[in-house]
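A short write-up of the structure that comes next.
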Amino acid sequence: METIAFRMVLNPGMREEYERRHAQIWPELVDALHNAGVRDYRIFFDPDSNHLFAILTRNSHHTMDELPQLDVMRKWWDYMADIMHTGPDHTPVQQPLEPVFHLNSLS
């Protein structure tokens with residue numbers, strides 16, 4: 001298993017809409033993420049900066065690099081493009097984050 005983190009940027013005033021859309025995430029998108037090896041995916045919001053912080057755990061044999069070729073992934077990105085920073089192809093602008101601390105368990 002591997003954990004990665006990245007930052008995205010939400011457009012101002014779009015938190016509720018972002019949460020609403022994710023509360024109704026398409027089952028076929030959930031299936032695609034699971035099939036690609038995603039085991040846990042959490043997104044946090046910083047209201048002061050409109051930054052979204054994503055933490056994703058995936059298996060070591062993940063196929064996440066293939067997700068952009070899936071119709072459901074492209075459609076989701078198109079659906080989300082009006083409320084967050086994206087590239088010209090509607091891919092979310094993501095800034096990878098580097099780990100600086102990890103506490104697995106208390107002894």
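Cβ atoms are placed via backbone N, Cα and C, with glycine included.
If you check Swiss-Prot, you get these features:
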type	residues	note
BINDING	Y18, Y41, W76, W77	substrate binding site
ACT_SITE	H22	active site, proton donor
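What Swiss-Prot annotates, mapped onto the structure for a quick look.
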residue: Y18; record: substrate binding site; Cβ contacts under 8 Å, 6 or more apart: L10, F45, L52, M80, I83, M84
residue: H22; record: active site, proton donor; Cβ contacts under 8 Å, 6 or more apart: I43
residue: Y41; record: substrate binding site; Cβ contacts under 8 Å, 6 or more apart: L33, A54, I55, L56, T57
residue: W76; record: substrate binding site; Cβ contacts under 8 Å, 6 or more apart: W26, L29
residue: W77; record: substrate binding site; Cβ contacts under 8 Å, 6 or more apart: T86, D89, H90, T91, P92
W77 (substrate binding site) in three-state DSSP notation:
helix
